[in-house]
Amino acid sequence: MLSTLNNNNNTEDEFVEEEILNQQPHENHNNGQLKSFVNQYGIVRPRISKINSIKNHLNRFYNTISCICIINSLLDRIPIIRCLKEYNLRKNLFYDVNAGFTIAIMHIPQGMAYGILTTLPPVHGLYVSFFPVLLYMIFGTCPHLSVGTFAVISLMTAQAIDGVPLQSFDTINNQSYTTETVSDVMIINEKLGIATTLAFLAGLIQLILSFLRLGCLTVYLTEPFISGFTTGAAVHIFSSQIPSIFGIQSPRHVQGAFKLPRFFIQLIDSIIKNINWISTTIAFTSIIVLFIAKKLNDRYKSTLRIIIPSELILVIIGTLISHFTKIHNLHGVPVVGPIKQGLPLPTVPPFKHISYLIVPATTIAVVSLCISISIGKMLSRKHNYKVSSNQELLAYGISNVVSSFFQCYPSTSALSRSVVLEGIGGKTQLASGFSCILLGIVLVALAPLFHSLPMACLAATIIVNLKGLLYQIKDFVFYYRISYMECAHQYANMKILRFDESLYACNTPFFKRKFYELIGIELRQEPIISYKKKNLNKTKEIKCNYVVLDCSPFNFIDTVGVKLLIQLILSFLRLGCLTVYLTEPFISGFTTGAAVHIFSSQIPSIFGIQSPRHVQGAFKLPRFFIQLIGSIIKNINWISTAIAFTSIIVLFIAKKLNDRYKSTLRIIIPSELILVIIGTLISHFTKIHNLHGVPVVGPIKQGLPLPTVPPFKYISYLIVPATTIAVVSLCISISIGKMLSRKHNYKVSSNQELLAYGISNVVSSFFQCYPSTSALSRSVVLEGIGGKTQLAGGFSCILLGIVLVALAPLFHSLPMACLAATIIVNLKGLLYQIKDFVFYYRISYMECAHQYANMKILRFDESLYACNTPFFKRKFYELIGIELRQEPIISYKKKNLNKTKEIKCNYVVLDCSPFNFIDTVGVKLLIQIYHDLKKRGTRLCLSECRYGVRRTLELMNFYDKTSSDIIYVTTHHAVTAMKIESEINSLRSTATAQV
């Protein structure tokens with residue numbers, strides 16, 4: 001961003017720049033040029049021809065195609081096989097059994113609580129804690145992820161169930177003899193069917209995403225996004241549990257805008273009228289007990305081998321007290337009620353509500369993926385293992401699809417259980433298997449014993465477990481503090497500007513506006529009605545005579561950016577800013593493709609035949625040409641063909657003459673009009689239409705049409721094509737307008753142009769007109785022959801009006817071949833744009849890894865943020881010679897693929913000058929890479945970090961987590977320091993060897 005900075009404030013960057021300049025050798029200043037880093041140290045670039053590069057790629061690809069490789073690939077889809085193969089009973093069994101039983105104890109109260117949250121019986125929460133967990137153990141890749149019930153997904157499931165109209169209500173209303181018990185069972189069964197269908201659909205969507213290898217989309221699920229989403233969901237979940245805390249009914253049918261405030265208004269009114277003091281006492285006592293127990297667990301978790309199962313103890317005590325004191329019967333305290341015993345038999349989910357559930361199922365599939373992948377990545381960074389996004393999608397999909405046949409609603413992982421599973425030492429996926437053993441025993445034998453459990457205890461369990469999510473609100477302040485520096489400096493009569501981003505088509509309007517603003521130039525027009533402040537379009541008193549644009553943040557620049565730097569006259573577009581995405585390469589490609597289709601459509605008129613009909617779908621153009629060639633061979637009209645090719649030659653010659661003599665002639669030769677007149681006269685007097693079947697224009701109405709209202713009965717069919725036409729016409733017109741405005745230095749307002757196109761099309765639709773836009777050929781002619789203002793269009797309309805009123809019928813005999821020739825000749829400029837492809841293809845970027853002695857210098861030509869960190873990590877390790885693959889389950893010749901190759905560098909310098917900013921995910925990745933390289937005996941250092949990047953590193957405590965001497969002012973300093981350190985280490989090694 002460009003912005004001003006107070007002259008009196010000396011920023012850290014100014015100090016650094018002065019330090020760099022002062023530290024340069026004096027001979028460099030004497031030579032008037034700083035010595036190049038490359039000239040100082042030299043570089044070793046791998047020089048591989050494109051042919052050899054392709055050969056290497058093919059060799060790597062075909063070497064992995066073998067029977068064993070295919071079997072290994074299939075076995076990798078079932079990670080439990082690798083886990084069992086590499087399982088160490090001595091090291092892992094105790095920890096997995098301990099962790100599994102502990103997590104099972106947490107599953108019991110949480111499963112029942114979150115089952116109630118979905119408006120289903122609590123036993124279904126226990127089913128979700130059993131079946132998906134068992135399936136994830138087989139197919140999942142994260143050993144510390146605890147799959148099962150979670151508050152957010154349970155709430156979304158409840159909302160999805162509420163969004164489906166229940167047929168059981170109609171049945172109950174129609175049958176007056178139905179008892180209350182029977183009606184409750186019917187409603188619960190229908191809700192259960194909706195929940196299982198929802199789980200099936202969510203799992204199916206996740207399986208489709210896995211098979212399409214779309215796990216890469218998880219890079220967009222950044223930690224700030226997950227933090228904000230789960231915090232908002234926690235607020236809603238907390239709100240939904242308040243009625244259970246006070247022992248009242250939850251307000252129903254509160255939907256729409258301001259749902260939460262209106263919910264709380266009704267809730268407060270209900271609490272005042274119907275509060276149950278016994279339930280309230282139980283709830284607050286439970287919350288206090290759970291908070292104290294969790295504090296004790298956190299405090300003594302390093303000394304205790306197991307945690308205090310506070311939720312389970314609360315559930316047992318609450319059930320016993322409720323059972324023996326009869327508080328449900330005596331005081332109306334809501335309790336869980338009857339719970340089924342045993343495991344459910346497999347049943348197919350009903351699919352009659354699919355149309356209502358597609359959207360919520362998609363949302364739940366994505367949200368559960370967000371939560372699980374974010375937790376998995378957090379734990380994988382801590383324990384340095386890989387979580388495969390595509391394999392995780394497969395695991396979640398199978399878990400949801402299969403468990404939907406066992407009365408389960410959608411499942412996902414829970415942060416609280418996952419953190420406990422990792423904290424008490426769980427080692428592998430088998431911990432989930434031991435959890436299922438204990439849960440199976442509870443379901444088969446102990447589930448009915450929880451009949452008298454107060455709902456207030458489960459609500460307290462949910463609220464206490466929301467603490468971590470609600471505390472995430474403080475992350476907002478942290479993310480808000482991560483900002484970037486001011487970037488405009490004033491020095492005497494000179495201004496130094498910097499734009500902290502690459503310069504390309506989409507940001508050029510903002511760049512131009514801010515550029516002029518910072519150097520004191522206002523680009524406004526004078527008002528039509530003058531007032532005191534005159535000459536607003538003139539320049540202010542400019543306080544600088546020189547402007548220096550620091551281009552160091554420009555990692556790349558496209559053709560539009562180059563033209564902006566040359567001219568600096570692009571317009572800033574307010575709400576019409578969407579047109580900045582209509583870049584010249586895009587318009588060039590679009591109009592060239594359109595020209596090919598237009599050219600194809602005119603070929604039948606050239607040869608005097610009927611155009612092939614009903615050619616639609618894939619490969620339309622090739623199939624069109626196949627039919628067209630067959631039609632030409634059978635039905636060609638040689639007279640029409642002769643007229644067309646003669647017309648094309650004449651028009652080409654006339655246009656060449658116009659181009660050659662346009663500087664001397666004040667008008668151009670109207671070649672198209674002359675061709676139309678001559679063609680009409682020849683056709684009329686020779687009767688070629690009647691004698692030789694040459695297609696002609698036919699009868700033309702005389703006069704202007706009367707205004708008529710367009711029929712609107714086809715609107716539903718025309719919405720999509722109308723939108724497409726509106727956008728395409730805007731593309732064409734704005735691109736032509738920008739091209740001409742650059743040449744003549746005036747402003748084209750996109751908003752005003754949109755208004756003009758809209759009024760033109762709307763009004764002209766009442767006069768039998770189809771959609772209009774501008775044409776490049778006519779616009780270039782209008783500009784070339786000296787048109788000065790919009791009035792040229794008015795004079796054009798006068799002549800066209802005369803033609804329509806008096807002369808239109810005279811063109812009855814005009815051959816269609818003449819019109820086709822006119823169109824084709826005017827397409828020449830658009831078809832010639834195909835050569836632009838070669839030009840755009842040649843624009844690329846430089847190599848970004850250099851080798852020097854035992855050191856590698858890397859550069860990543862982009863800022864580092866959540867969405868590109870996976871690519872950055874993969875490429876980083878690839879460039880320094882480290883492969884991050886697992887060993888195959890079935891071994892073959894190429895062993896130890898996960899081990900490091902012979903590393904040719906002991907030092908890695910990461911040139912951070914292209915990093916205009918870095919986010920929290922990028923900082924965490926750098927910390928992870930630093931520690932990983934340190935274990936491998938390689939030192940990482942950063943150079944040329946900008947102030948904004950350094951500030952983010954400081955806020956993230958980067959130096960405390962890595963090293964205080966990891967950052968150097970320049971790459972030159974980093975290389976020098978690493979070189980000295982390497983020499984010292986070499987001397988130490990020599991001295992040690994001698995001793």
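Cβ atoms are placed via backbone N, Cα and C, with glycine included.
Automated prediction, rather than curation, is the source of TrEMBL annotations.
In TrEMBL, the annotation transmembrane segment applies to 93-117, one of the ranges 93-117, 543-567, 843-867. TrEMBL assigns the feature transmembrane segment to one of the listed ranges (56-76, 392-412, 476-496, 665-685), namely 665-685. Among the ranges 304-324, 451-471, the one that TrEMBL lists as transmembrane segment is 304-324. Beyond the transmembrane segment (304-324), the same-chain residues lying 6 or more positions past its ends with a Cβ under 8 Å from any Cβ of the stretch are 98, 102, 105-106, 108-110, 112, 282, 286, 289-290, 293-294, 296-297, 333, 335, 420, 423-424, 449-454, 457-458, 460-461.
Of the Cβ pairs linking the transmembrane segment (93-117) with the transmembrane segment (714-737) and spaced 6 or more residues apart, fewer than 3 are under 8 Å, so the two regions do not touch. Note: the stretches the transmembrane segment (129-153) and the transmembrane segment (430-447) are in contact (3+ CB pairs below 8 A, sequence gap of 6 or more).
Counting same-chain residues at least six beyond the ends of the transmembrane segment (354-376), those with a Cβ under 8 angstroms from any Cβ of the stretch are 141-142, 145, 147, 150, 152-153, 156-157, 159-160, 163-165, 194, 197-198, 201-203, 205-206, 209, 218, 221, 223, 225-226, 229-230, 387, 389, 392-393, 396, 410-413, 415, 418.
The average pLDDT computed for the domain 'STAS' (845-978) is 77.
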